[in-house]
Amino acid sequence: MEAIKFQNTVHHDRILIAFIFLFVDLSLCSPSQTQGELPYMTSDVKEVAGKSFDYIVVGGGTAGCPLAATLSEKFSVLLIERGGSPYGNPWVMEKRYYGFSLIQTDEFSSVAQDFKSADGVRNCRGRVLGGSSAINGGFYSRASEDFIDKVGWDKELVKDAYTWVESKIVSIPELTPWQTVVEFGLLEAGILPYNGYSLEHIEGTKIGGSIFDVWGIRHTSADLLKAANPKNIVVVLNATVKNIIFEGNGNASETTVKGIRFIKSDGTTDQTYEAYLNQPKNCTSNGDVILSAGALGSPQILLSSGIGHREHFKKFSIPHVLNLKGVGKKMKDNPSIAVLVDTNPQNRLPDPPQVSGIAKDLKFIIEGGIIPTGFNATRMPIAAKIAFPVSEGELKLSSTDPRQNPSVKFNYLGDENDLDDCANMVHLLERVAKSESIAFYLGVKPQNNLMTSTDGQRKFCKANVRTYYHYHGGCTVGSVVDNDYKVYGVKGLRVVDGSTFLESPGTNPMATLLMLGRYQGVKILREREH
């Protein structure tokens with residue numbers, strides 16, 4: 001432990017910075033909450049049935065809301081969301097109820113929808129306006145420079161899009177006592193340097209941004225709809241898209257989108273409704289149906305519409321439209337390991353992560369929180385994830401009911417490289433969880449009994465792998481969509497969400513998905529100007 005004590009002494013001045021965030025009034029650092037009113041929202045599907053719009057955005061989630069808001073600046077937009085409104089729901093909106101939405105779920109109406117992968121790992125997805133930004137920990141951190149270079153985005157436009165989001169919904173957090181202790185534990189384990197407050201994805205320990213403001217109110221992606229042109233946008237809630245409608249032009253060489261077919265989320269699959277794209281005289285400037293339904297929802301909608309590998313549709317008698325083999329492929333979820341540092345459940349106030357340790361050339365991400373396991377019980381996990389897993393799986397339809405989860409397998413730790421990485425990650429995770437800082441806070445003696453056997457660590461990984469909720473893929477760039485997020489072989493169809501990612505950016509993908517919605521919206525507006 002002497003080396004660790006030496007590191008703490010050397011970086012003592014940096015660590016003290018953390019305490020500033022406990023005492024400074026940060027109300028001036030909160031985002032502006034007065035940028036406008038929310039647009040018109042309805043759960044009456046008949047209000048939009050049979051109508052036409054320039055753009056139809058499917059999924060009012062992390063990417064869909066900023067995308068729809070941006071497009072509405074100049075065009076008519078229908079934003080269709082399968083869940084309800086987050087507003088007025090304390091389990092969504094208030095930090096003190098963080099995690100409660102994940103412990104009470106049902107099949108068709110809860111704001112979080114449970115699913116279990118074929119690997120046997122429990123997971124969840126957002127089912128509410130705001131998507132997963134309405135149920136997650138709210139930690140906001142940008143993608144790395146390397147990620148932006150790899151995907152080939154316009155760096156200036158990326159910066160502008162991040163800034164646009166941050167000015168509206170991101171705050172500098174006031175560290176809770178537990179988050180300060182986690183921060184010390186990360187530094188004690190050697191996750192250096194100490195970077196203080198930073199939105200950048202860089203090696204070391206840092207405080208990230210938060211979509212919880214200093215009063216503990218969550219600002220989901222739905223808040224970005226306040227920036228929309230209210231005259232140009234309609235938001236339909238509790239409506240689930242069943243499939244895409246194509247033009248029956250008889251031209252086999254070109255598949256053109258006409259609109260969408262949807263149902264009431266609490267209705268039957270037999271009662272369907274339709275909405276269409278406007279058909280302007282200048283055919284070259286048609287709008288698009290844009291899928292922003294997430295890494296499960298978007299490939300599910302494509303498959304339900306007959307777009308995917310030909311063999312997949314026989315079982316469900318779905319007419320085959322386009323043989324696009326990449327749909328549902330390259331599904332990845334970042335393998336995670338969590339250890340509990342408390343010995344028994346207690347009734348503490350839930351505490352989402354505000355601090356992150358980023359180590360091993362950005363490969364390992366470690367955070368800690370306090371999560372509810374029941375309405376009167378919480379646990380204190382320290383969790384880590386592998387940022388760049390090699391293992392990948394596949395998504396398939398399990399039903400023609402669009403409200404049912406598709407079948408997905410991620411093949412966690414299926415590649416030996418991932419298993420080796422997990423073993424190394426467990427070693428670092430243990431050093432954080434058994435640090436003197438955390439032991440002192442919990443009032444227990446520090447433990448030095450770390451696992452030393454690589455074989456033991458690998459077995460521990462296999463037995464305890466879980467999700468970090470950052471699953472992605474299924475409609476990846478280069479396989480299903482091009483660099484403009486247009487679906488190959490289809491006119492008038494794009495996908496803009498985490499299903500297009502080959503890897504999950506940053507500590508978590510929320511910031512980059514929020515940015516991507518704005519970024520692609522601005523790009524489309526610029527395209528239409530020419």
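Residue 1 is the first one shown; counting continues down the chain.
Note: Cβ is positioned from N, Cα and C throughout, glycine not excepted.
Between CYS461 and the candidates CYS283, CYS422, TrEMBL records the disulphide pairing with CYS422. Of VAL128, VAL241, GLY498, all annotated as binding-site residues, the residue with the shortest Cα distance to CYS422 (disulfide bond) is GLY498. Among residues of the same chain six or more beyond the domain 'Glucose-methanol-choline oxidoreductase N-terminal' (294-308), those with a C-beta under 8 A of the stretch's C-beta atoms are 58-59, 61, 82, 115, 125-126, 131-132, 241-244, 246, 318-325, 327-328, 331, 395-397, 400, 402, 405-406, 408, 471-475, 480, 487, 490, 495, 497-499, 501. Taking CA atoms as the reference points, VAL241 (FAD binding site) and TYR468 (substrate binding site) are 27 Å apart. CYS461 (disulfide bond) and TYR468 (substrate binding site) have their C-alpha atoms 14 Å apart, to the nearest angstrom. Residues listed for FAD, VAL128, VAL241, GLY498, cover a largest CA to CA span of 18 Å. Sequence-distant contacts of TYR468 (substrate binding site), defined as residues of its own chain at least six apart whose C-beta falls under 8 angstroms from its C-beta, comprise ASP333, ASN334, PRO335, SER336, ILE365, ALA383, LYS385, ASN508. The residues of the domain 'Glucose-methanol-choline oxidoreductase N-terminal' (294-308), classed with DSSP into helix (H, G, I), strand (E, B) and coil, number 11 helix, 2 strand, 2 coil.
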